[in-house]
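As structure tokens, the structure follows; a few thoughts come after it.
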Amino acid sequence: MNLPPLDDDYQEPRALSQSPYQQHNMYNVYRSQYDPYKYDEYAEVSYPEDPVYVKKPSDSKYPGCSEANGMPLLEEDIHKVFADLGHVLGFQSDSVANMLEHFMIQLDSRASRMSALQALDSLHCDYIGGEHSNYRKWYFAAQLDLDEEVGFANIKFNHQYGNKKFKGKKKGEKSRSYSLTYPQTGEVLRSAEFKWKQKMLGYSVVERVRHVALYLLLWGEANNVRFLPETLCFIFKCALDYLESTAEAKALPQNDYLDRVITPLYMYIRQQQYDLTDGNWVKSEKDHSAVIGYDDINQLFWYPEGLDGIVFTDGTRLVDLPLGERYLSLGDISWKDSCRKTYYETRTWLHVVTNFNRIWIIHVCVFWYYTSYNSKPLYTRNYSQLLDNKPQPHAVCSVMAFAGTLACFVQILATLSEWAFVPRKWPGAQRLTKRMLLLLLVTAVNFGPSVYILGLVALDEYSLAARVIAGAQLAISFVTVAWFSYQPLGSLFTGLRVRNSRRFTTSRTFTASFPQLNPRGHFFSVALWVCVFAAKFSESYFFLTLSLKDPIRNLATMSMTRCVGEVYFGSRLCLHQAKLVLLLMYVADLILFFLDTYLWYIICNCIFSVALAFSLGMSVLSPWRNIFTRLPKRIFSKILCSAMTENTYKPKLLVSQIWNGIVISMYREHLLSSDHVRNLIYDRSEEGCELRTPLFFVYQDDSALTLNDFFPPNLEAERRVTFFAQSLATPIPEPVPTDCMPTFTVLIPHYSEKILLKLKEVIREDKDSKLSLLEYLKQLSPIEWECFVKDTKLISRQEASSEASDEQPTVHQLLKGNIDDLPFYCVGFKSSSPLYTLRTRIWASLRTQTLYRTVSGFMNYHRAIKLLHRVENPDILEYYGTTPAEIEYELDVLARRKFYLIVSMQRYQQLSKDELEDANYLIRAYPELKIAYLDEVTEADGVSYYSTLLEAQRDGEAIEVVQKYRIKLSGNPILGDGKSDNQNHALIFYRGEYIQVIDANQDNYLEECLKIRSVLSEFEENEIDPSPPYIPGVPYQDISPVAILGAREYIFSESIGVLGDIAAGKEQTFGTLFARTLAEIGGKLHYGHPDFLNAIFMTTRGGISKAQRGLHLNEDIYAGMNAVARGGRIKHCDYFQCGKGRDLGFGSILNFTSKIGAGMGEQMLSREYYYMGTQLPLHRFLSFYYAHPGFHVNNLLIILSVQLFMFVLLNLGALARESIMCIYDKDVPITDLHRPIGCYNLRPVLDWVDRFVLSVFICFFISFAPLVVQELSEQGIWKSVIRLSFHLISMAPAFEVFVCQIYSNSLKTNISFGGAKYIPTGRGFATSRTSFSLLYASYAQRSIYLGARVFLVLLFASVAMWQVSLLWFWLTVVSLCLSPFFFNPHQFSWTPFFLDYRDYIRWLTRGNTKSHHNSWIGFMKSYRAKYTGYKRRKLQGGTDSPASTFLRVVRGNLIFSEVLLPFCGTFFTFVAYTFINAQNGVKEYDSVNSILRMLIVVFAPIVLNVCTLLGIGTFVCILGPAFNICSKRLGVYTAGLAHTLAIVYHALSFQVLWLMEGYDFTRTLAGFICVVYFQRLIFKLILVLFVTRELQEYLPNTSFWSGVWFNRGMGFLVLSQPVREFFVKVVEMSFFAMDFFLGHFLLFLMVPFLLVPLIDVWHSSLLFWLKPHATNLSAPILSKRQRRVRKKRMVKYFLLYCCILLLFAALLLGPFYGSKYIPEFRSTLPTMAKELFQPVHQNRNDTGSRAPHTIVVVAPTVRQA
């Protein structure tokens, strides 16, 4: 764009040198009535002119900015304002042109529905001076009014925020005469607001244009500084002061702003996150807590203390300079000395305590009330089951009242954690000392009475004083728990006076300006949580707590006095086995207490959502005939603008054009055949004078007809039309005329997604698949393929018709024609002409997740606007007459004015030739499309980066792709995880008032795009108050603006197999069912697609996402939290939907799950969660928690409950097996004597096990409830039953269990280790087989290892104490271990299975002579690197680097998750093992040494491995170099020998354990479980404490096995690496044996499936949801030689597989049958050796007549109170 030349004598238009309000004599009135402490009311204040809607076609590019619409400036005048600013401040010419266009389009958009002057003022309000302007809010928050009046240089601040080295007074610095005392807001702020409005009112129109232009120009070149909204406000303030203070400012050179202001700050930001290594910027090792990120820098400008701390390199302060001189000095700021951390994102679980303290208080305290009341035997003196004596009331009340103390402990821990997270010197930090002292006082008040009641008064003593005190203590406890549960931590003990002081203005402004809910939303929010907790507390008490009452009574009084115990410590440990089981049950019940809340939240949320849907009309209860009968009337009343359709043509004629456009669009998309179209469209009668109603509407009352008579069954067209009709039955905002609608932009970030499928991708069969993509699509969409083929044949025949003769075809020719048509049905074309091949490519691309589908879908906005304008403005036809080209041009101009589509194609410059060709075809197919890309240019002074915009330009008939804007950047903008930076660099090219953010795998439809005017009306900005905005003394309306508008998503990948449908179901329920409720109760945030954003609101507050690498992995949600915290409302639109693709394969879905889980871990560390968690009101906090982090915490607790329950089963199983249980009858009074005498009453405990299993089962399967409810409410009972049945048959529950574990593991791993990063998921069809070794390597650490441990414990529990309910946990084991293989296509195909086994064996053994990433060695290397990190330095010539991150985890982070928790698990298994060997109830016992036995089995294989490694290491170091001369495979032989011996050692250790346990399988299993946990703990300790960083290369491994350490480029590392590698190999040997056994065990479990006839066909049908005869599973096409080699390999590894299977069977079954032939030898051994072997065939029944005399059989007497 060429700007007009800058005239030296340019002046403002004389007529507008004054404010427009002064022309109406209002300004003087306000001056004469000025009273800073009194609000003035002014009525009937309006703009001088009413808005004018321009109806006639106009040649103006911005018709809304015309003089006829009251525009006070000419377009040339605005041009000169921008040009003047660009000239004076040194902006780039392309940037000036870009921002000028941006401003004019925004102004034109506003002016299309109001007067131009009003539009200009509203823009100035939104950007600069209005109520919701971020600049105005920042101005008062940072107290810039004081800076202008007094000057910060003269104010003494209470906080010293700057760098310590500049803390002292500088030479020549003036003494500060004012002290910042933070006065109360009331009068002072009203006075400041009055002055502000007075100042804004005094600006002329040109000055207001200059303000907005200046902000836009600063924002447009800010690059990554756009993520710092308040920093930009400060720069704007400095630039404005500079311009206003200088009469004739000296012109600065071009790029001055970029080079001098932005680049230094950008470089500082980059240096915080990256290090310069060998000329390349690589990710720094620093974790978030050591990185001064975007938010830390931005918060520097929130407080006057922060501004006071901005210093130059010489130590002088910026605020010491006059206001007008600060801008020119911005380039001299020392950002390193000015910035500091404002919040520490320390990687610790304590964030969960601080941010969600109220969750813990509510649950822990109520659980304590419930459980302590039902645990009376624990604090009853001399409790006897025969008496069931009760404690005194004062003891009960005092014990229950301890809940108040627990609440205080939670608050104290949360406060201590907050102390660590928030620097005390930051001005925004809470005053925690006062809070801590008051918390200690409240703790003393709650706990003090217990010292007297429980310490000084006997538990069975009557005391009136104790009762009174206990009652008061319990009341105080209730009040304390209620108050701490209700009051946010941020306002705890903070008085109203303090909260209203100006010191907290900033906190309220930027972190707690939560929008108020309307009365309906507030009622729904409170009612929802009242219902949730009413149901939860009732169910938890009666179902959970009371089920624990009997086990508490029995276990609390059960003392295992008859156990013999161990040689070393006797019965000290086994004596308390029952108490330990009770403790584990308490903790397990507490976890269920947390899980119950989420369960009831899901149920109540579904109920409330369905109720809201009924109120909106979005329900299947509305008869479909009624919906379609009224559809024409609703199209007329809700799609068309009533103001434009009055007194025009008949409604039927107008509706027919809309409806026909919808139907024809579906026909062109091959969703409908021509026969369907004839029954659906309006057409003329044969006479041509009457418009006939479609049969679809005519026969609605015919009960014999259904939708399938008009639409193809179960096809996309039926779904789309049904939703369209259903949505119009709901309340919809009235649309405005098309020329008055706001302008908006669709922004699509693109990285590596497919643009357009290549032909070979469509028709080629992958080597690992038996199904081509085209064949699969044809099976999924047979009718659409048939329509496409018919269309293609028609085109082909039309082309051939011109060459055809008039002769009648013969029969032979007809048959030949049918045969010739076969290629059409096979591949969609017969000719290789690009026209036909491209059609097939496009057809397939429109049914997969490609950018072409996304652009094609969202270009429907362009078509919809044209269609609506044509229908609503029939006078256009009269105006242009019979010139359709001109009509089309006029419609196109309007559509281009109202709608923009930008693809931010980050990799455009790096696209391959084919990809570039596809991208260029895309822009030529849709000339309205614009592409923004990152242009990287190598220049003399280094690499420069440019944000570049491409657009289509017509040159006659040809369309060329040309560059429109090219704006230089301060550096590479991609500093984060990619997407947010990609959006940010393209954001300067958006146009209009709203932005719809879309992913590159979405779709849209014409009928939905027709609603766009109503959708944009949801922002409530169509009608703006006509009164002038700046009226001093008139208070603001305090109505929160709409920042984000969410919309429904239809997941079009739902029909693509079970996994696609599972992923689709989750998106549908979250994006529709839950979003509906969350938006109503104020809990909805921004989740990216397909939300609409208020562009000005979001871009002036940091953009549409956040971008600090790792921390902001889930970038979209931060924009939502930012918007809510800053006062923006988030709404949901239920009548509008977009299409969305989801991941389709097992791996891609779980990669997405891992990304979301890891991203949630980062969110929990973030300051946004701190602000929301510690400041939201209770009901909104609960909505926020359970909708976002609560889901992930719930998954974590589910898996934790499973693991904890395994410890319960292990210890309870040992207790039950070694005890004689009582005859139990629940109807007998509990005071009756248990029979037989001396028995153990464990039956209630086993009943609790059933109750626990049921609870966990419900927690797992509650994930299906939302989908069922969604289907029931919108599709009906039949479809919901069918969909749920498909899920159950297709093993979806197993997948849900596995996904739960992946979520849990991702969250836990991220909190402990960090390393969150973007994981490309891939969105293609998952029809290819994945190898066993790859699946095992991918999921062993995340799930399979856990499943194996659960399997061992569950096997033990099933043998020791079989319960039918344990069957559910067997399904859990199957899910955790075998899900990756069940959902692997063609997993059970015979030949590939054994070839896969070959690949697994090779995976185990490769990588020992040369590096190999896909090997077991690589798998172990990546596992260790998670603990150690990689060395940053590469070895000389090193090229095989696997490192993706160099971060070494801080050892303190690992102590809890990787040492303490495994230690607890080891302890619990050890206790169970020692008890099962403690000879409980045995009278003729022998001494046993189970501890020494355990140590031998644990350490024997490790010691043997050490000896083996020492021997091999010595051999290869001495003779290795010589052997390597002869053979390069020495490493293969030595590694193979060592690994084989490791397998033998571990197999022998198991056999030895079995022998020492007397071939008692149950005891052996308990011992083996203990061995597993002990060795796991030992290896984790080695990795955490002793292993140093990993080299990026594989040389240490190959060097260890070959003995060649020298001359390999290791340098001095050659001295330390052998020792390190020795420790590594000690761990590796045991891991190799484990992976060998576990991998084979999994393979053996699949044998039964292999033997099922046609298993591959049935398995594929379940996965892909195709009919068995339609799967078309063909064997790969191979040559004879390839088939022969393939068969030979299969036979070879089949035999190996069978041999190892037999060996495994012998190891397990041999001892069962061979043990009876082994003579008794224990008695012949020495005493110490004898103790290692467990006695067998002992009589442990000491009940009945054999019961000890000490057992009480008569009720004792107790002292009466």
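Positions of Cβ are set from backbone N, Cα and C atoms, glycine also.
Where the annotation comes from TrEMBL, it is an automatic prediction and has not been curated.
The compositional bias 'Acidic residues' annotation in TrEMBL covers 1-10. As annotated by TrEMBL, domain '1,3-beta-glucan synthase component FKS1-like' applies to 206-315. Annotated region 'Disordered' per TrEMBL: 1-22, in sequence order. Under the heading transmembrane segment, TrEMBL lists 394-416, 436-457, 523-544, 580-601, 1193-1216, 1343-1361, 1367-1383, 1454-1476, 1530-1553, 1565-1587, 1599-1616, 1690-1713 (among others).
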Looking at the stretches 436-457, 523-544, 580-601, 1530-1553, which one shares the most CB pairs under 8 Å with the transmembrane segment (1599-1616)? 1530-1553
Mind looking up the mean pLDDT for the domain '1,3-beta-glucan synthase component FKS1-like' (206-315) in the predicted model? 92
Could you pull out which residues elsewhere in the chain have a CB under 8 Å from any CB of the transmembrane segment (1690-1713), counting only those six or more residues past its ends? 1391, 1394-1395, 1397-1398, 1401, 1547, 1550-1551, 1554-1555, 1559, 1561, 1640-1641, 1643-1644, 1647
Should anything in the same chain at least six residues away from the transmembrane segment (1193-1216) have a Cβ under 8 Å from its Cβ atoms, list it; otherwise answer none. 352, 356, 560, 577-578, 580-581, 584-585, 587-588, 591-592, 594-595, 598, 1157, 1240, 1242, 1245-1246, 1249, 1252, 1256, 1259-1260, 1300-1301, 1303-1305, 1307-1308, 1346, 1349-1350, 1353-1354, 1356-1357, 1359-1361, 1369, 1372, 1465, 1468-1469, 1471-1473, 1475-1476, 1566, 1569
How does the domain '1,3-beta-glucan synthase component FKS1-like' (206-315) divide up by DSSP, counting helix, then strand, then coil residues? 69 helix, 10 strand, 31 coil
With the cut-off at Cβ under 8 Å and a gap of six or more residues from its ends, the chain residues touching the transmembrane segment (1454-1476) are 349, 560, 563, 565-566, 573-574, 577, 580, 584, 1203, 1207, 1210-1211, 1213-1215, 1217-1218, 1308, 1311-1313, 1427, 1490-1491, 1494, 1562-1563, 1566-1567, 1569-1570, 1573-1574, 1576-1577, 1580-1581, 1584
